[in-house]
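Asks: Could you have a look at this structure, given as structure tokens, before my questions?
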Amino acid sequence: MFDLSHSSQINPPQRLLMGPGPINADPRVLRAMASQLIGQYDPVMTGYMNEVMALYRGVFRTENRWTMLVDGTSRAGIEAILVSAIRPGDRVLVPVFGRFGHLLCEIARRCRAEVHTIEVPWGEVFTPDQIEEAIKRVKPRLLLTVQGDTSTTMLQPLDKLGEICRRHDVLFYTDATASLGGNALESDAWGLDAVSAGLQKCLGGPSGSAPVTLSPRMEAAIRARRCVEQGIRTEAHEDGSEEMIYSNYFDLGMVMDYWGPERLNHHTEATSMLFAARECARIMLEEGMDNLIARHELHGRALLAGIQGMGLGVFGDIRHKMNNVLGVVIPPEVHGEEVRQRLLNDFHIEIGTSFGPLQGKIWRIGTMGYNARKDCVLQTLTALEAVLNRLGFRTVQGAAMQAAWDVYEGARA
Ligand SMILES: *Cc1c(COP(=O)(O)O)cnc(C)c1O
């Protein structure tokens, strides 16, 4: 049996989370989560749900009616959209420029899609022409993209892709988990049919809730499948069995009926996570999405200047990096994991490691959400510089701080 005398109330150490996510949650979000629960059909609760829909329309910059939360981490939002939208046998195109592109491929294959990919080396992104050329060749029903791939820190430009998708009658989805709030995302102006995100990056909350938005076109595509499921076969699809959405939990048609005026019982909305998501959106909209993005740009630029100031290299095509994450080349004089451990143990600062081809080659340092702040950037730079010198990589001590300060003081002037 579990011996309670060896256990105490949860009391995690105070860490400064400067990796690619999760990050420290805004204290306002934590306070909202500590609120007492109410019933799922309490008019106060359904009122909060309606508010959340309206708030996230502002965050996603959309008029889409269906803008709501999928309960689960960001991956739940991705999976709900893919499993609801993809019919078995559909051709999908995934431009892969990092680990999360491979995740989209994997989920799409589980949905029995015929998956086509195009790839660029890690550290690069696609031009609209490369994507259009592939669309012409593959003729997909859906284009599945990642906006910001934290594995490489790159940001795929999406602004021209909606128009291309419209011309070729393709549904256009993006995973904006890592980028939303820190970089521009215009769901309507860019012609996106579905976007999913999570709270634990630039939104300043904990993981566990996935805001999503669906265009009317995407809604129609999902609803068409549900008709078949309910036994109302359409002429175009005689065989209903082919049309079943394979998940109950992630069936967005049912989730829409729960969030909409029908209020058809589905899951029990994750109340505390909804409180968190609501407060994240309130904080973002109070600041204003443009100001929020500008703040991420400023602190990202200061971090970059500091890292370069101490003589470290940065990863990838910097013109296309996300504002909120930086890939830092690990110098050969030190062991990447030893540096991370020193930062954690001696300074309580966490920075990120890397996966796949970049494992052991770069650290990933994030400045996002609640931690997109000057004090967080300067503390991280100072600590990293000190640890590097301790472990044998000599920097001009203090240079990083001066370079970062130059950015801040230039910005103020
Ligand atoms: C961090 C991240 C996720 C995270 O998914 P979780 O299920 O919340 O862990 C998804 N997509 C991208 C692009 C990310 O950067």
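Even glycines carry a Cβ here, placed using N, Cα and C.
Annotations in TrEMBL come from automatic prediction, not curation.
Just lifted these from TrEMBL, have a look:
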- Arg364: substrate binding site (BINDING)
- 50-222: domain 'Aminotransferase class V' (DOMAIN)
- Lys201: N6-(pyridoxal phosphate)lysine (MOD_RES)
Asks: Relative to the Cβ position of Arg364 (substrate binding site), how many further Cβ atoms are located within 10 Å?
Replies: 23
Asks: Expressed to the nearest Å, what is the distance separating Arg364 (substrate binding site) and Lys201 (N6-(pyridoxal phosphate)lysine) at their Cα atoms?
Replies: 13
Asks: Where does the residue listed as 'N6-(pyridoxal phosphate)lysine' sit in DSSP terms: helix, strand, or coil?
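Replies: Coil, per DSSP.
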Asks: With Cβ-Cβ distance below 8 Å and at least 6 positions apart along the chain, what are the contacts of Lys201 (N6-(pyridoxal phosphate)lysine)? List them in sequence order.
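Replies: Long-range Cβ contacts: Pro20, Gly21, Pro22, Ile23, Thr150, Thr177, Ala178, Ser179, Leu180, Gly181, Gly182, Asn324, Gly366, Met368, Gly369.
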